[in-house]
């Protein structure tokens, strides 16, 4: 990575784009080369090679954030991925890091912390917000000692079909829709439909909603 860190911002809030661009423009070692509201737009920029680091809010309305992160980690190994969370959660941080993100910062933190996280990732290190890992240098995995109990409680909720429960369990375990489809011999479209049906029945709209629910059950 060159001395100038080229940053892409993926966030659904325009004020976040404006604020970060204004902040980083005053720094000699980083620049925002693009702001994106959709994962697809960010991916096109990454494919063109115009981004060294993607700063992204994982609440993606139109695409599961875990699948998106795994895809980036698999196909763009030089790209650094920094998650920008509105609601800090050790469970969310652990899942995002396991999916392939290199760092997690909270929107409640100072801009100085965000800048530090970016520089650490650019130098090949990882960063995790103290809000999400209790002040240590990294998040242990699993983040919560009772994570299995939280998962079991969520999967035991009534209303889910057997197949929806299977898909949800494997999503929690970190498998992508494509991997689940291959395991069960189903189409990716069918598995995606079952995942969304499970989310709808549980009142979830995104992967981040799933993280928050697990964190709440896990205490």
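Backbone N, Cα and C atoms are what each Cβ position is placed from, and that goes for glycine too.
So that you can see what the record holds, here are the features copied from TrEMBL:
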- 6-122: domain 'Response regulatory' (DOMAIN)
- 153-218: domain 'HTH luxR-type' (DOMAIN)
- 57: 4-aspartylphosphate (MOD_RES)
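Long-range Cβ contacts of the residue listed as '4-aspartylphosphate' within its own chain (separation 6+, distance under 8 Å): 10, 11, 12, 13, 16, 83, 84, 85, 86. Taken residue by residue, the domain 'Response regulatory' (6-122) breaks down under DSSP into 53 helix, 26 strand, 38 coil.
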